[in-house]
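Here's what TrEMBL has on this protein:
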type    : residues              : note
BINDING : HIS33, TYR218, TYR219 : Fe cation binding site
SIGNAL  : 1-21                  : signal peptide
Amino acid sequence: MKSIVCLIATTLASLAFSVQAEEKALNLYSARHYQTDEALYANFTKQTGIRINRIEGKEDELLERIRNEGGNSPADIFLTVDAARLAKAHELGLFAPVSSKTLDARVPANLRTDDWYSFSTRARVIVYNKAEIKPAEVQNYDDLANPRLKGKVCSRSGSHPYNLSLLASIIAHEGEAKAEAWAKGVVTNFARAPKGGDSDQIKAVAAGECGVALSNTYYVARLLRSTKPEDQKAMEKVGVIWPNQATTGTHINVSGGGMLKTAPHKEAAVKFLEYLASDDAQRYFADGNNEWPVVDSVKVVNPALDALGKFKPDNLPVKNLAMYQVKAQMIYDRAGYK
Ligand code: FE
């Protein structure tokens, strides 16, 4: 009896699933959840009639969930942050290649791969304590490894995707030996063992616990735009540098996504990716997290980011960042960059 009930339940479930697959719907697994997202998704439904079912979660958990669901995953699109995580989804064979003239025309070649696309960019900048460090001392990522900064560098974990992608870019530009020497130099300069997120590093710099640290630009922008008096006070003490302006440019990371190989709604999925590259969607996408659009012609007005001034970005293809993730982790491990 029990097995018949099970059978009926399974049949009903698969019926419901196939009905859902034919419906105009899109299942989005997203590690993003910002204020502007409501408008971002509502506009897509308005334009296409395709309803969006959103599953939101932490980046690594969502990836794990898609893996566990395997061939039965209802996920059509996976959106996440950082080239390292997008590269991981690619390595696991989760993404399907997409062929779209719209995406190829709108997303710059260095910001897309065969099966995933970037939709916004962020930069990894140097933040320093203005009372303690002269800006001339911290113009390049290399400076963080300079012995004159001994005991002055704070960092989040070397295993974190942001730091993995930065080291991947150093490997791509300068080779493994130099990347390892850099990682070792930074470890020697640590003010404390790595802990916390980027905002914690900025606050530690402001508090004088360390002289210098790295942060993604949106954390800087968030604190600059904060109305809390303690954040405003902290930011008065902190200077921000665009690193490597005379050489390779400031390291750029991305948020982005792709269509899953097992997507039940492939046509809707491609439409959605194309929508994310449209002018309006680009604005919402970037604004939600104080980032920049990937489409060149789209401009956003963000007073905090604008206040940091113009800079030369590193145009290294995101594909190359993806390629060196494993090597980057091995180098950090050898360097004791925990
Ligand atoms: Fe972040």
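Every residue gets a Cβ built from N, Cα and C, even glycine.
Automatic prediction, not curation, is the source of TrEMBL annotations.
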Looking only at TYR218, TYR219, the binding-site residues on record, which one has the least crowded Cβ, with the fewest other Cβ atoms within 10 Å?
TYR219
Enumerate in sequence order the binding-site residues HIS33, TYR218, TYR219 whose Cβ-atom distance to ligand 1 is under 6 angstroms.
none
Which secondary structure state does DSSP assign to TYR219 (Fe cation binding site), in the simple three-class scheme?
helix
Long-range neighbours only, meaning 6 or more apart in sequence with Cβ under 8 Å: which ones does HIS33 (Fe cation binding site) have?
GLU56
